[in-house]
Structures are given as C-alpha cells and as structure tokens.
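Working notes, beginning with the structure itself.
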Amino acid sequence: MTAPWVALALLWGSLCAGSGRGEAETRECIYYNANWELERTNQSGLERCEGEQDKRLHCYASWRNSSGTIELVKKGCWLDDFNCYDRQECVATEENPQVYFCCCEGNFCNERFTHLPEAGGPEVTYEPPPTAPTLLTVLAYSLLPIGGLSLIVLLAFWMYRHRKPPYGHVDIHEDPGPPPPSPLVGLKPLQLLEIKARGRFGCVWKAQLMNDFVAVKIFPLQDKQSWQSEREIFSTPGMKHENLLQFIAAEKRGSNLEVELWLITAFHDKGSLTDYLKGNIITWNELCHVAETMSRGLSYLHEDVPWCRGEGHKPSIAHRDFKSKNVLLKSDLTAVLADFGLAVRFEPGKPPGDTHGQVGTRRYMAPEVLEGAINFQRDAFLRIDMYAMGLVLWELVSRCKAADGPVDEYMLPFEEEIGQHPSLEELQEVVVHKKMRPTIKDHWLKHPGLAQLCVTIEECWDHDAEARLSAGCVEERVSLIRRSVNGTTSDCLVSLVTSVTNVDLPPKESSI
C-alpha cells in the first residue's frame, strides 16, 4: 500500500513545484474568438492548456490594427514554439502584417499585448479595460484546489485497485471518430470569409489563416464517411505533387449535434476549370498548358510508386469523379486535381475498399459505368477516369480561339444533345446505345494542333475501355503536339497532321 502514497506525494510535489522555482509555467491563458458564431465556440473566457509531455506551452494573441483601431481576432493556448521561449510579455515584432501575432510564457500573459517593430518605432500597447471578476471566475478559482485534491485521492484509489491486472482482460478497440482539431491549425486565427462553392457533400469557403488565404471544405456530420475517405487519400504517402491539391489539415469543429468536419487545403483564386471556361476564351498555349498539367496530375495519381521521396509506398489511386469542376487552376493556369472523396487506393494484397460501380457525376460516366458492367480491377477504374478526361479535353478545345472560326458559349459535355440535367436513362441511350460523343466541329480540324488533339480526345473516350489512352500518354502527346505546332512555320502546317499522327505520337498504352 506504500506505492500509491509515494505516487501521491510525487504528484502533489509536482503540482506545487512551479511556484517554488519561479519559472514561467503556462497552465491557463485568456481565451477570445472574434469568429465564435461561425466556429460555434465560446466568445471569451479562460482556456486550460494541454499538450504533449516534455513540450512547452504558451499563450498567444492575434489582432488587427486598422488606422489605430485595435480589432482583437483570437487569444488562447499555443503549442511548443521556440519563438515564444522565455517571453514573459506578448510582443509582436513584424513591421506591418495584416494580422499581428504574439506569444509568451506564463499564466494569462496574453491579457496585455504590444506591437514593437524590430526596426524601432512607436510602441502600441493594448490593455483591456479592468473588469470586476465574474461569478464564474470566482467559482473556478474556489473549486480548483478542491478539484485537485479530489483528483489526487481518486488517482491513489485507482492505483491501489489496479496494482495487478485482472485475469481475462480484453482490449476493446472503438472507432475513435474524427480527430481533435489539428494543434497548429486549430489554434491559429482562421476566419471564414465567403462561400465559393456548394457540392454533393457540403460547401467550400474561402478563409484566412494568419496572413494566407486557404480553402475550407465543410462537411455535415452525416457525411463523415466522405470526409474521412478524402482525409485518408490526402494522408497517403506521396500525395504532395504540384498538380494535386495541397492538403493542410482535417479538423472537427463544434460539439454535440452541431459538429462540423473541416478539410483545409490551399486556395486557388481562379477557381475550377468549369468556372474559368464559362467566363474566358483561351489561347492555344493556354489550352496546352492546362491539358498537359491536368494529365500530368492524373498520371501521377494513377501511378504506383514503390518508394516516394522517402515517404513510403504511394499506391495507384483512381479518382472516380474526374470532371472540369474538380480541376482547379493556379494563377498561371497550372491545373490542380481536387475532390478525392470518391477516390480508391489499390494497394498490393489489400482490397481497394468501397468500389461501388455507379459513383461520380452522371454526365461524365463511362459507357461501362452507365451499363453497370464494370470489371472491378485497377486498370478498369483508371480507364473510367480516362473517359472523363476525354470529355474535359473537349471542353477545353470548345473554348479555344486558335481555330479560324467562331467560339461557342461554354457548354458541358452532352448539354447540346440532352440538356443540363440528363437522367441516367437518357445518358444510357445516348452514350451506350447510340455511342454518341460531344460534337467535334469541322473548323477545329483545320488547325493542325487542334486536329491532333481531337484524335487524342477520341482515343480517350473510346467505347472500348481497353483501347483508351493512359494519362501518361496524353501528357506526352500534348507536349509533343505543342512543340510541333509552335515550332512549325505556316508553309508546312498541312503536312504536319499526317506526319505526326502516323509517326511521332506515343503509343496508346504507356502506363495502364
């Protein structure tokens, strides 16, 4: 019975040690959240700091200074950060940031915060007006010692009861559910600004994280499976690629029945390829750049990489909802693949997970998907993606001004044939039975580059899945076509189509 009391004495000593050493230990911080209504949290109060063992804890504050008016953004606990070590006062030193940020060590050290630029200049100090202690604060400080003693007694009792493990002990593993907020993101000031899109599983917000804009995809709790699936795909080794959307964090926000699941990624101001083509006509070089980077992203997604940059094995992944709405554009029109909620990984020796056949967006479904006649093998799913890529390439060509002819208003694939909201039966009739595809205009074929690209498009959406090109082959072809056309004089444009199509184009099966 001596062991519990020794542990009790050690625990009590550790609780009392902080005041004796005179070090700035951080156990509690002032809490504030200007965005509390949207994030469904408390607006202000106290926050108890919790972190990993052997990690230091700090307090922080963030605010804006608009023409001398202080606008508080957030206050709270901050995890181990060497920039905060041994700082007893909360002082921001950046010259003129959009959001000021400071951190410090010591209980409630973020109550008062200051801006003091490193280069010198006037010191701007914000000190909240003195307020009388609330009843809640008085109760908290009164009950804290009693709660601490109760905890020690309970711990001693628990150690006594568990000094020997009982026979027949069985570990029970429960679904842990969504993770807590990512420590480094959950505590940084993140403000939702405006809704940019609404989709099948929720909405996408433009948000501000410190001085950067990010995208926040918010799922309701009933769509937890989609959020979890996309988070797992993003967490796969090797998913950092210039043509795949950059993942930042996955978080659980709110509590009880108001829980929301957040997926935080890089933000791209130009939006989706669909939105861009609706408002813009593109040049030949822009078409080639989007097509090449888009096919490069899909090729990398499809690729099985045994050892990817020291991260481990990157399996082959099928997107299963490839469409122009899920292709985002960077400022230089580099394509970035997004929305991996329906994606499937193909790992050696493991089942691929949920491979239900008819998923994705109806308009972009391959003939075999519309028929329900899918071979549930890796290559079959990759070829389904390639059919959809053919349709997206057609969308690009339809808005390109390179050909000598009119550029029509933007239309989705098959919109001209069966309208904006086709039924499954209408698509089966048009795509499967009549084997129709979106119209390739005659004047497109008079431009040598577009003519070759149309050949590539037709080989992507071939009715025979095994005859379709791979994404890697499309990337090679677009690169070759661009170099050929841009390096050719007008005198030999006529002969270029035949010579390149018959001789120089890479073979169909380059990676599938």
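Positions of Cβ are set from backbone N, Cα and C atoms, glycine also.
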From the list C77, C109, Swiss-Prot names as the disulphide partner of C104 the residue C109
Disulfide partner of C77 per Swiss-Prot, picked from C16, C49, C203, is C49
Feature N-linked glycosylation site (Swiss-Prot), candidate list N65, N486, assigned to N65
According to Swiss-Prot, the cysteine among C29, C84 that forms a disulfide bond with C59 is C29
Between the C-alpha atoms of R198 (ATP binding site) and C29 (disulfide bond), the distance in angstrom, to the nearest integer, is 37
Cβ density check for C90 (disulfide bond), other Cβ within 10 Å (all protein chains) comes to 27
Note on ATP: the CB centroid of K196, A197, R198, G199, R200, F201, G202, C203, V204, K217 has further same-chain residues inside 8 Å, namely I218
Fewest C-beta neighbours within 10 angstroms among the disulfide-bonded residues C29, C59, C84, C102 belongs to C84
Its Cβ having more other Cβ atoms within 10 Å than any other among the binding-site residues K196, R198, R200, the winner is K196
Sparsest Cβ environment (other Cβ within 10 Å) among disulfide-bonded residues C49, C77, C103, C104, C109 belongs to C49
C109 (disulfide bond) and V204 (ATP binding site), compared by Cα position, are separated in whole Å by 36
Cα-Cα, C104 (disulfide bond) versus C77 (disulfide bond), nearest Å, comes out at 10
